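Asker: So Swiss-Prot lists the following for this protein:
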- Arg13, Ile14, Asp35, Arg82, Asn318: NAD(+) binding site (BINDING)
- Ser153, Cys154, Thr155, Thr184, Thr213, Gly214, Arg236: D-glyceraldehyde 3-phosphate binding site (BINDING)
- Cys154: active site, nucleophile (ACT_SITE)
- His181: site 'Activates thiol group during catalysis' (SITE)
Amino acid sequence: MAPIKIGINGFGRIGRLVARVALQRDDVELVAVNDPFISTDYMTYMFKYDSVHGAWKHHELKVKDEKTLLFGEKPVVVFGRRNPEEIPRASTGAEYIVESTGVFTDKDKAAAHLKGGAKKVIISAPSKDAPMFVVGVNEKEYKSDLHIVSNASCTTNCLAPLAKVINDRFGIVEGLMTTVHSITATQKTVDGPSAKDWRGGRAASFNIIPSSTGAAKAVGKVLPQLNGKLTGMSFRVPTVDVSVVDLTVRLEKKATYEQIKAAIKEESEGKLKGILGYTEDDVVSTDFVGDSRSSIFDAKAGIALNDNFVKLVSWYDNEWGYSTRVVDLIVHMASVQ
């Protein structure tokens, strides 16, 4: 099958990393990037050098002209349009658009890409009205008549596979999630204005900042049987990448911690291989930089109070793992056409 032609709208953290993932795969072809705020030469610099994931070491990258980047001999067309309707998709052949600006996150706004000639839009963020899919959990529910979808959030992608295994095997009565989450681009380097979230305006580099997250509730959208059973919060911490989910649940069926570990290990080596990981090593956050899995269960970090009440810990590279799932979702969608 010919590679799936994709375009990226918004060349921020996720946009650039989706590009890195796509350019290292044979099943997709990056043909276009749109960002109205970045010149082609600056785009090249931002892509080539990355403080977390290192310098680009694959194809040689250079600017052919102000509208074209060359990855080796592979041209990628660059646009700078604010309105997605104005991007001439037909000229590049881009059918699947990764919407990673953080602006066009509902169906009405994302539909501008369809008006511009795109076939499908994948929002790289939670959406209030677009159907959400988590690869490994509910992607099989995707139907070809859905043209705008959401890849949910990085935290939902970590939590959902773990919650699915636990619920399928033992049943979840209720649970609370905390994610200890690395800094993101929306935070402040020093104390600054943040009218909607006062604590969120405090300096990211030397504070632990409590924050809200809809990730746990969103699990109920991809796993309806858990709707209303989970909620959660976040602590933003001064690390640049890799986050960790702490899921504390009450179980329907009694299970020892050893039985829970065995169930997760079995799934990580079976149906969820490549999505859900399992480790008994004495790991820390930097050990997962560049890990493409959505969720890596830390067997040594969890604890059980009794056979019905347990705390489970799972790591995720909130940048690289999530960006890999965006591309995986595109490949799955194309297979359903």
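Positions of Cβ are set from backbone N, Cα and C atoms, glycine also.
Each of these features: where is it, how hidden is it, and who are its neighbours?
Answerer: Asn318 (NAD(+) binding site) falls outside any helix or strand according to DSSP and counts as coil. The C-beta environment of Asn318 (NAD(+) binding site), restricted to residues of the same chain at least 6 apart in sequence and closer than 8 Å, consists of Cys154, Thr155, Cys158, His181, Ser182, Thr184, Asp241, Val242, Ser243.
Thr213 (D-glyceraldehyde 3-phosphate binding site) counts 22 other C-beta atoms within 10 Å of its own C-beta, drawing on all protein chains shown. In the three-state DSSP assignment, the secondary structure recorded for Thr213 (D-glyceraldehyde 3-phosphate binding site) is coil.
DSSP assigns Cys154 (D-glyceraldehyde 3-phosphate binding site) to a helix.
Its Cβ placed at the centre, His181 (site 'Activates thiol group during catalysis') has 23 other Cβ atoms within 10 Å.
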Asker: Using DSSP and collapsing to three states, where does Arg13 (NAD(+) binding site) fall: helix, strand or coil?
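Answerer: Once the DSSP labels are grouped into three classes, Arg13 (NAD(+) binding site) ends up as helix.
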Asker: Report, in whole Å, the straight Cα-to-Cα distance of Ile14 (NAD(+) binding site) from Arg236 (D-glyceraldehyde 3-phosphate binding site).
Answerer: 18
Asker: In this structure, which of the binding-site residues Ser153, Thr155, Thr184 has the fewest other Cβ atoms within 10 Å of its Cβ?
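Answerer: Looking at the binding-site residues Ser153, Thr155, Thr184, the Cβ with the fewest others within 10 Å is that of Thr184.
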Asker: Relative to the Cα of Arg13 (NAD(+) binding site), which of the binding-site residues Ser153, Thr213, Gly214 has the closest Cα?
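Answerer: When the Cα distances are compared, Ser153 comes out closest.
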Asker: Nearest to Thr213 (D-glyceraldehyde 3-phosphate binding site) in three-dimensional space, by Cα, is which of the binding-site residues Ile14, Asp35, Arg82?
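Answerer: Sorting the binding-site residues by distance from Thr213 (D-glyceraldehyde 3-phosphate binding site), the top entry is Ile14.
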Asker: Looking at D-glyceraldehyde 3-phosphate and its recorded binding residues Ser153, Cys154, Thr155, Thr184, Thr213, Gly214, Arg236, figure out the farthest C-alpha pair and report it in angstrom, whole number.
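Answerer: Per the listed residues, the maximum Cα distance equals 16 Å.
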